[in-house]
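Engineer: I have a structure I would like to understand better, so I am pasting it below and will then ask my questions one at a time.
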Amino acid sequence: MALLELRDVTRRFGDFTAVDCVNLSIEAGELFTLLGPSGCGKTTLLRMIAGFDVPDSGQILLDGQDIANTPPEKRPIHTVFQSYALFPHMTVADNVAFPLKMSGKTPAEIKKRVEKALEEVQLSRFTHRFPHELSGGQKQRVAFARGLINRPRLLLMDEPLGALDAKLREDMQRELISLQKEVGITFVFVTHSQDEALALSQRIAVMNQGQVEQIGEPSVIYSHPANRFIADFIGKINLMAARVTQVSDNDMTLEIDQLGTTTLPLKQGIKTGDQGVMAIRPEQVSVHALARHAELPHAHTGKVLDFLYVGDVTTYIVELDCGIRVEALLANSSPGRARFFEVGDPVIVSWTREAAQFLMN
């Protein structure tokens, strides 16, 4: 049985449907992420799980019991917010101890559990400090410790790393993964950051316009997006308008605007006449000097319009002779990458048959 299960959960605000008939299940001990653009309904969904909002219809089951109308204080769930929500007049220890004091625990038990919680988040030396004496990352760890102190069945996190700088955010991602493995509590993480979701999650639910578009492991979401929206939202991708002109037992032929025809492995459910896009990730596009044209599959000539060097990789924008622009991501440590292509250089771009996929609009 899943720890948390949502069945046909819907929430409306007047004529606007914020969450539209969402179904998903989350297993015990899982680090699960709700990912989507601003306004997609992910925070509204989190608020209903926490008990801060009530669905208009549907069920929210925790350990098989419907808690959709249970007050938040009666749920074994804690929420960590981006703003930390620490009490400025309390020390770190008092902030972490607050839930225990409210539930009437003895001073001895409170002391023991606070020490354990601060040890888990590596803040044992900061017991007597106040929030204004802490860095952003330290404040976030205090919020995590307070969220875990009562050992909830579920820890909800609403974009908790959004206020941190990029380097600290990466460090906190690693700490979160380690912490979740150590305590074994189910984490549900809400974010609009694709990189964050891919780095943190065991599974991701991608939301758009109040609905769940796809649920899966990060590698599946990235490599095999269910549709054009997910492909375009998760990472960078080249999209070329295409139409299916022929389907055989194992292959499908696409007519690509300006580029011509190409043959790809057949996807289940695709039929002749379907409209969509051919999608290729930039890291799956190769850039070569013109001399290699004859030996390359799916090769097209063009010229370099621009490039962006960022240390370990270089992104090239190549305009093909047919007018289509293609983005390629090349590792600077690759063999033969001793020189970079310059703007205006004539080049060949190519990709393998397996790198491209057809996605419905």
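We count from 1, first residue shown onward.
Including glycine, each Cβ sits where the backbone N, Cα and C put it.
Copying in the features that Swiss-Prot gives for the protein in this structure:
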type    : residues                                               : note
BINDING : Gly36, Pro37, Ser38, Gly39, Cys40, Gly41, Lys42, Thr43 : ATP binding site
DOMAIN  : 4-234                                                  : domain 'ABC transporter'
Engineer: Here are some binding-site residues: Ser38, Thr43. Which one has the most Cβ atoms within 10 Å of its Cβ?
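Structural biologist: Highest number of other Cβ atoms within 10 Å: Thr43.
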Engineer: For Gly36 (ATP binding site), just count the other CB atoms lying within 10 A of its CB, please.
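Structural biologist: Gly36 (ATP binding site): 29 neighbouring Cβ atoms within 10 Å.
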Engineer: Please state whether DSSP places Cys40 (ATP binding site) in a helix, a strand or coil.
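Structural biologist: Where Cys40 (ATP binding site) sits, the three-state DSSP reduction gives coil.
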Engineer: Using a Cβ-Cβ cut-off under 8 angstroms and a sequence gap of six or more, which residues of the chain neighbour Lys42 (ATP binding site)?
Structural biologist: Leu34, Leu35, Gly36, Val190, His192, Met207
Engineer: Take the domain 'ABC transporter' (4-234) and average the pLDDT across it for me.
Structural biologist: 92
Engineer: Would you pick out, from the binding-site residues Gly39, Gly41, the residue whose Cβ has the largest number of other Cβ atoms within 10 Å?
Structural biologist: Gly41
Engineer: Could you tell me which of these binding-site residues, Pro37, Cys40, has the greatest number of Cβ atoms within 10 Å of its own Cβ?
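Structural biologist: Per the Cβ count within 10 Å, the most buried is Cys40.
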Engineer: Using the Cβ centroid of Gly36, Pro37, Ser38, Gly39, Cys40, Gly41, Lys42, Thr43 as the reference point for the ATP site, which residues of the same chain not in that list have Cβ within 8 Å?
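Structural biologist: After dropping the recorded site residues, what remains is His192, Met207, Asn208.
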